[in-house]
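Taken from TrEMBL, the feature domain 'Phosphoribosylformylglycinamidine synthase linker' applies to C:21-66. If you look up TrEMBL, you'll see C:HIS62 marked as active site. Residues or ranges marked as ATP binding site in TrEMBL: C:TYR65, C:ASP529, C:GLY574. Marked as domain 'PurM-like N-terminal' by TrEMBL: C:88-210, C:473-599. If you look up TrEMBL, you'll see C:GLU111, C:ASN575 marked as Mg(2+) 1 binding site. Per TrEMBL, substrate binding site is recorded for C:SER112, C:HIS113, C:ASN114, C:HIS115, C:ARG134, C:GLN265, C:SER577. Sequence annotations record features per position, and here TrEMBL assigns active site, proton acceptor to C:HIS113. Sequence annotations record features per position, and here TrEMBL assigns Mg(2+) 2 binding site to C:ASP135, C:ASP297. Among the features that TrEMBL reports, domain 'PurM-like C-terminal' is placed at C:230-390, C:613-759.
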Amino acid sequence: MSAVLLVGLKITDLSAWTALETGRRLLEPGHTLSRIAREQLLLFEPEPGGKAETFERTLGEAVRQSNFFVNPNKERYRFLTSSERGESWSPPDSAWGILSRVREDTRDDGLKARLLREHPMPGLGAIRRAKVWWLWSRGPDGTPAAPYFRETLGELRDQRHGLLVNPHAETAMLLHGATPWSRVDRFLIQPAPALRAAA
Amino acid sequence: MARVAVVQIPGVNCEYETARALEVVGLTARIVRWNEPASVWSEFDAYVIPGGFAFQDRIRAGAVAAKLPAVDRIAAEAERGKPVLGICNGAQVLVEAGLVPGLHPGRVEMALAPNRAPRREGYLCRWSWLGVTPGPGSSWYARNVRPGQVIPMPIAHGEGRFLTADPEVQERIEIENLVLYRFVAPSGGRAVRYPFDPNGATLQAAGITNRAGNILAFMPHPERATWLRQVPLELKNAWGESRRAAVGNWEALEGPGPGRILFQSLASNLLSPSAEGARPGREARS
Amino acid sequence: MQQLDNAHILPLSGQDEQALAKLLQREGLRLTPGEARRMLELLGRDPTRVEATIFDTMWSEHCSYKSSRWVLKAHLPVESPRVILGPGEDAGVVRLGVHQGVEYALVIAHESHNHPSQVVPTEGAATGIGGIVRDVACMGAEVIGVLDALRFGDPDGPRAAPVREIVRGVVDGIWQYGDALGVPNLGGDVFFSPRFDENCLVNVVSLGLVRADRVVRSRVPEAASREPYVLILVGKPTDETGFGGASFASAVLEENAEGQRGHVQVPDPFLKRVLLEANRAVLEWLHHEKVAFGFKDLGAGGIACASSELAAAGGFGMDVDLDRVPASREDLPPEVLACSETQERFAMVVPERVAERVLDFYNKTYALPEVYHGARAAIVGRVRPDKHYRILKSGQPVGDALVEVITAGIEHRRAERPRATAPPAEPLPPVEDHEAFFTRMVGRPNLASREPIFRYYDTEVQGRMLIRAGEADASVLAPVPGSKLGAAITVDGNPWWVAADPYWGTAHIVAEALRNLVAVGSEPVALTDCLNFGNPEDPEVFADFVRSVRGLGDAARALGPEGPSGPPVAIVSGNVSFYNESRSGRSIEPSPIIAGLGVFDDVSVATTFGIKRAGSVLVLSGPRQDRLGASQLRHALTGKTDGPLPELDFDRERRRIHATLDAVRSGCVLAAHDLAEGGLAIAALEMALGGYEAQGIGMQIPISGLGSTRPESRLYSEAPGFLYEVAKEHLQQFLGLFERWGVDVTMTGRTLAEPRFRILDGGHTLVDLDLESVQRIHADALKPLAE
């Protein structure tokens, strides 16, 4: 089991604000978007055969006290130890999410090397990166209409379709309802699937 | 007279020197704000989206600008055959808007991903070496380039790696010679390692065109190499020699630098179209 | 006059010293009890919270120069025929020259952003760039470059890990801000020393270009006595970020820096770029319409300081209405609205009749509210014909005083106690294996190539650059498109020299700055200084400061073309940063950092330090000395930085500098390089390696008979001097020119067709290395720091 750090801005997130403004212009009548939020996700894996408990306490201190992960002037964070994160990941109230990662290896070895230089923590394996966009949406039928919004605001296809993810560099998964962390972990660890040829 | 719009999207920061580079080759450049009335866009003969950080690269480099109505209008003018050049951030806009490589026009077929080089991430500013592979973009953007000619130009970007996840796109851009400019070694040979391959782009691509050859997404900065004075004295190349020989000679320093060839190519097409024969879209304009 | 509401009043009067100190601390104010009593005396009553915050900011060391002002005034030359505007406003202004009938001027500003960079390196350094750029922009200038002088701790010492994080964070902040802003990086310098382990220095310099007849002043214009004027605030919505920043910059860093991260401002280069574009249009229109106006950036102390200074400088008063200030939240207390240091804001005073037009430029043409959440221009105040300065909230005054009370200033006479004379430095052990030692020197952090750092910086944007950082001793650009007028700029400082001898160390830095300017062929016209020292309440620190300022002033007067009898190289802008010390109270090394500005009538003469061809002659000016105190050599051999500095003879140095200028300008020099840290050996190597790419040209340098007794001294003495590459056909002209200036030179070697770097002493070969292998050591040493 891995530990997770989610970092978002407490000042205005201009990317999310612009995504909202730009995204609204792409919607067909009857569909509304009330909010978009963005978080960076860092996954801290234990070394193979190890447990996150061996490094989580030190890691938690580094998150709180250093500049590696969080600038308290402008960011807020949620640090979830392997036990705190539970079995599954639920979106914020009435939102759903698009989780995206680069198509290449998601490991950030440079960050790990720098972190260990200052905060030795035996047992820490890979640090992986991803990004999550939370959307608060409503279709004509009153439901969040996630499939429609993902089609319109998710993977970029052309000037009218897609915005948040460029599928040539990134790959994405839907976070709708409670998503087992095991699926999220696999999504981050396994090689990105081949790009589905556009219809 | 040929009029070129230099598109000023908020966050762009190379509009003035780009306009000067266009003027020096005899074109008439005007800096046009992204929010000017819809009617202005059709007045121009060519469009340049300059470098910078349009909309702060929010979401992704070029992603927000690609959705602007102004880019829609420029795409429509490109459809009529007018040339569109995106430099650096402008290249990112064109790729995000699906205009390059444009195998299926309008469809996004590539990304400009973060640079990838061993132990060197992030923004990189340095002079690089370019070679030309003749293709559909040659007449608009590489006229007068000799075979084997090596052209030094500076790059300055953090996300300059042309990348496609679609093997078919990869194959077509290669077969159809859409990679007009690529990074090469100073000798002109293949750039196999950093810094000659500065960002890990597919096929060492520095500039990719659409099939018609009138749209070029170009990562280096020709406007920063348009005058000889801009060339580093110690560049190991005939350009460095010319630069050193020009110490003490202002007129020579105000003469052409290596990047001017790209603007000259554009200008010679726009100013004497007869030399190239009829261009699509020309009738529609007149 | 409306009464001040008691709810806003801070009851300070009638308290004893101790109670007052406690009260001030509880309110988060850094005023001393004595200063608080002075404030009560000036106001004649208890202050409101807003007023107390204003005094707290205005009387911070950062804003008030309360310890340093008299020293600076007593010693620094600030006027010369080149100077249009000296210290006093946000930036200095210097004549550049005339192109097509228009006179142009250069604008230069210099500041520190040390404490924020230590605490939150990326934002701290970025805000430093953002702030210095505003200082230049608000003079009406186009910003054409920035430089950064950085002092970091020991990257291999006991605090290596945090030091390396700070290096990386600061470099990130500089490129992330500067590159996005579209302002080229014109260079800077980096110095590593353990005494910066817990207090790094980030000094920033910005250069601007303006038509001499369009220099904008930061004051309400005199025309405000004839028609109504309003105050426009433009930019980012005001928030609580950076509240108390100036006081923070003026205090010692606390044990737990964690709690101080909230004082660091949040910068945004995108918004700055959009604002600069909009400002360009607004200023152009105001000039065209011949409207008198005032313009100022918002920095320390936010709205309150900017508006009161605008008013006071013009001799007017002002009403500022906080209800009209665009804010990020509705519940910000008045003192935060008035004094927070939210970035990316400007203030402008214009006649009421044009205010709507100005607002339209910002809000409609450049559509600020559409491109940045909450950003806009708004009218937030009104100029008063009397000298009353009032801040209103919900129609009630929350501050009300005469402007001269607010801007009265404060002064502290600090005690001085010169440090005890240091015991004589231990003699240096000899170097046994010169080649191995040289190879080690080349890779030392203070001597290795800076390229791994500066490749992150955009040096090319704006297309004006001729010679970049790392190619020559100064960066060179052609500021005015189409004109051969040129500018050169450098920034220098060596904390070890100044620690060893504050007066002469600082004078050496000035000389080095001037050498750097003439080595590229520019005529030195101005200097700026940023004086970074420890706690001024420590008499030894303050004595260092005074001696350093004297050295600066004397050198600036002595090294002008005609010497002390002629005009000085004037000091046109600057900044003092005190309280730089570690948590244990140990001061940083005294660190005056000096920027030099040079100009060219014809910039085409500019040249780099890279050697240009095989078979030319290498010539040295400046004899080598056995005084090796504070040198890189001494540190490498003993770990110490004490000992006597090389001698600096002002008159000889002046002649050497101006002879070099003549030589480069007349084209009889192929390359010129200042001798500084690492002396002749390192300077020669840098010339062989060239700035951009090595040319594969080697060199051979015999060092016998260069004025000192030991080979170590001849190789590594940091005595002032130059090494020149001279083509054989120009040698006679070159020698004649130096003879006319009365400057001795020595032929020291020649350049080779083969890529070898060779140093000979008598019959011995001390160093004989393949250029490519030594290049790799030089180029790669700092890579792990910048990855």
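Any Cβ shown, glycine's included, is placed from N, Cα and C.
Of the recorded ranges C:21-66, C:88-210, C:230-390, C:613-759, the domain 'PurM-like N-terminal' (C:473-599) has the largest number of C-beta contacts under 8 angstroms with C:88-210.
Annotated ATP site C:TYR65, C:ASP529, C:GLY574; additional same-chain residues within 8 Å of its Cβ mean position, judged by their own Cβ, are C:SER68, C:LEU72, C:LEU76, C:PRO87, C:HIS110, C:THR528, C:CYS530, C:LEU531, C:ILE571, C:SER573, C:ASN575, C:VAL576. Residues within less than 8 Å, Cβ to Cβ, of C:ARG134 (substrate binding site) and separated from it by at least 6 positions along the same chain comprise C:ASP90, C:LYS272, C:ASP297, C:LEU298, C:GLY299, C:PHE346.
On its own chain, C:ASP135 (Mg(2+) 2 binding site) has C:ASP90, C:ALA91, C:ALA109, C:GLU111, C:SER206, C:ASP297, C:GLY299 as residues at least 6 apart in sequence with a Cβ closer than 8 Å to its own Cβ.
Two recorded stretches are said to be in contact when at least 3 C-beta pairs lie under 8 angstroms, sequence spacing 6 or more; the domain 'Phosphoribosylformylglycinamidine synthase linker' (C:21-66) and the domain 'PurM-like C-terminal' (C:613-759) fall short of this definition. For the domain 'Phosphoribosylformylglycinamidine synthase linker' (C:21-66), the DSSP-based tally of helix, strand and coil residues reads 31 helix, 1 strand, 14 coil. There are 21 other Cβ atoms within 10 Å of the Cβ belonging to C:TYR65 (ATP binding site).
Neighbour density around each Cβ, counted as other Cβ atoms within 10 Å, peaks among the binding-site residues C:SER112, C:ASN575 at C:SER112. Following the DSSP three-state reduction, the secondary structure of C:GLN265 (substrate binding site) is coil. Reduced to three states, the DSSP call for C:ASP529 (ATP binding site) is strand. C:ASP135 (Mg(2+) 2 binding site) falls within a helical segment according to DSSP.
Cα-Cα distance from C:TYR65 (ATP binding site) to C:ASN575 (Mg(2+) 1 binding site): 9 Å (rounded to the nearest whole number).
The record assigns C:SER112, C:HIS113, C:ASN114, C:HIS115, C:ARG134, C:GLN265, C:SER577 to the substrate site; their largest pairwise CA distance measures 20 Å. Here the Cα atom of C:ASN575 (Mg(2+) 1 binding site) is found 7 Å from that of C:SER112 (substrate binding site).
Summarised as a single figure, the pLDDT of the domain 'PurM-like N-terminal' (C:473-599) averages 96. Put simply, C:HIS62 is the one of the recorded positions C:HIS62, C:ASP529, C:GLY574 whose Cα lies nearest to the Cα of C:GLN265 (substrate binding site). Helix, strand and coil counts under DSSP for the domain 'PurM-like N-terminal' (C:88-210) come to 48 helix, 49 strand, 26 coil. Each residue of the domain 'PurM-like N-terminal' (C:473-599) gets a DSSP state, and the totals for helix, strand and coil are 47 helix, 39 strand, 41 coil.
Considering only the residues assigned to ATP binding, C:TYR65, C:ASP529, C:GLY574, the longest pairwise Cα distance works out to 14 Å. Residues within less than 8 Å, Cβ to Cβ, of C:GLY574 (ATP binding site) and separated from it by at least 6 positions along the same chain comprise C:LEU72, C:LEU76, C:PRO87, C:HIS110, C:THR528, C:ASP529, C:CYS530, C:LEU531. Residues of the domain 'PurM-like C-terminal' (C:613-759) grouped by DSSP class, helix first, strand second and coil last, total 54 helix, 31 strand, 62 coil.
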